[in-house]
Every structure is written in C-alpha cells, then in structure tokens.
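For reference, Swiss-Prot has these:
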- 17-37: transmembrane segment (TRANSMEM)
- 43-63: transmembrane segment (TRANSMEM)
- 78-98: transmembrane segment (TRANSMEM)
- 113-133: transmembrane segment (TRANSMEM)
- 139-159: transmembrane segment (TRANSMEM)
- 195-215: transmembrane segment (TRANSMEM)
- 223-243: transmembrane segment (TRANSMEM)
- 256-276: transmembrane segment (TRANSMEM)
Amino acid sequence: MPFAFIEQMKSVIHFDALGLSPIAFDLGVWHLFGLTLHPLIHWYALAYITGILLAWRYVLFLLKQPGTPMKPEQTDDLVFWSTLGILVGGRLAYVLFYQPAILENPLEIFKLWEGGMSYHGGMIGVFLAIWWVKTTNHLSWLRIADYIGCAAPIGLFLGRLANFVNGELWGRPSTMPWAVIFPQAGALPRHPSQLYEAGLEGILLFAFLNYQFFATKARLHPGKLAGFFLVGYGLSRFIVEWFREPDVQLGTLSWGLTMGQTLTIPMVIAGLWLIITSKKREISL
C-alpha cells in the first residue's frame, strides 16, 4: 500500500508546479500623501469584471435577433443593477449561509478583496435587478431573464477558473490521474472540482442554452430559457458537490447534503415551474 501511494503521488498534478498565482498584476509600492500603498489586482476580481463585460456584450448580440424584449440602450441600467446585485447578493448570502460569524464584526462584510461570494446569492441579486429594470422601464422581466440566462454561463466559467487559480474550493480526495495536490489542502490528491464546475456550469450550459435560443422556439416562451438556466446550474452544482470538499465550518448537513446542494433544490424547483408554465406565455414575433 505505501508503494502504491508513492507511485500515485508521482502521477498526480502538483498545484505549485503549475506556476499559478492569485495575483494577476502587482502594481508595486506607491507613496501618496504620506500613505504607503501596495495595490494588487487579483485574477478573481478580473474574472468578475471580464465576465460581466463579456456577458453584457453577448446580451447586446442576442438583442440583435428578431423579437428583442428591450432596447440595446436599456442594457446600461441592467448591467449597473445586475453588477450591484451580484456583489451585494453574493456577499450577503455567503455571510448568512456559509460564514455567519462575520456578522459579529459587520465591517468584515465589506472586505470583498478577501474573497467569499455565493453564486446562489449573486443570482438572487441579478433577478432582483431584472425586476427593478423591468418595473422602471415597463418590460417583461421573464424575457429579460431569458437573455441574461443565455449569457450568465460566461461569468460562471471565468469565476470557476479563478477559483482554480486561487487554489480554493478544491475537491474531495481522489485517485484519478488528473487529481491535484493543493498546497492548502494537505498532501492528498484531490478532484479539481473547480474545473468540473467550469465545464458543466460554463461550457455545457452555455452551449445548451444558446442552442435552445437559436435552434428552437424557446425564446418565444418567456421564462423557458431562464428555467433551463436554473435547472442546468442547479443540477450541475448538485452533481459537482459530490466531488467537492464540503465547507470546513459546515461540513455535510444533518440530512446528508451540503449547503451548496441544499440551496440548489429551490432553484431547480423554480426552474422546472418556469419551463412547465412557459407554453402558456407563448408570444409571436
């Protein structure tokens, strides 16, 4: 057994050997007005910014297709409020569901540069943003949600890649040849669950949703694409959670599921409801 373990250790990937760093750019030390500053730009921040910008551009591309639910210039408000929804919703949900101890020192909530965001909370924030834009511009929020859903996997993909670069949110111990030894996770090789999520929530979900958008009449059934997104993300996250190491402070909950899996259940239910009822909302171009 010891010899087998040694041979396996030789075949796995050592994260440190990949030469990855969470810091994208080191801007050096600055001395301004008596203050010493050392600004660093992290890949995680760039992933969020790039994901939002690319999703914005992709929504504008989708809006060029027949039957657009809003004018291109109205996307400016949508992007602003969606970005705010991602930051506020993502951070608050992380604190409430994963790190409630932060509430003992509320100022810690604002330290976004230290990480700690919930994808579920970010989605809720985006849906609230869509509702606000819909209300102020008298639009169909379900149709807007359909278009946002088709673009959202872009941000999910980049975010999961950033998780991998950061060497965080690693998977459970694994004997697979592509297992990775993360320096902060001990000596055991682990599933690169961040990349599993990038593939499922990012690449596959993007391909499926946009096939539905261009090759079927799904966009003529308001809420159907948004429903596909919710179900697709929920199932992807639920599956990958079996390979992902549970959060240390939570572990596996009393009913045998992780917090991530538990939070996907209402998401999948809501998505199924949107899909099933979408036929009643059919529109014509």
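Every residue gets a Cβ built from N, Cα and C, even glycine.
In this chain, the transmembrane segment (17-37) does not touch the transmembrane segment (113-133); fewer than three CB pairs sit within less than 8 A of each other, excluding pairs fewer than 6 residues apart. Sequence-distant neighbours of the transmembrane segment (43-63) (same chain, 6+ residues past either end, Cβ-Cβ under 8 Å): 22-24, 70-72, 75, 78-79, 82-83, 86, 113, 115, 147-148, 150-152, 154-159, 161-163, 165-166, 213.
Away from its own ends, the transmembrane segment (195-215) comes close to residues 62, 65, 146, 149-150, 153-154, 156-158, 160-161, 163-164, 171, 224-225, 228-229, 232-233, 236-237, 239-240, 243-244 of its chain (Cβ-Cβ under 8 Å, at least six residues beyond either end). The stretch in closest packing with the transmembrane segment (139-159), judged by the count of Cβ pairs under 8 Å and taken from 17-37, 223-243, 256-276, is 223-243.
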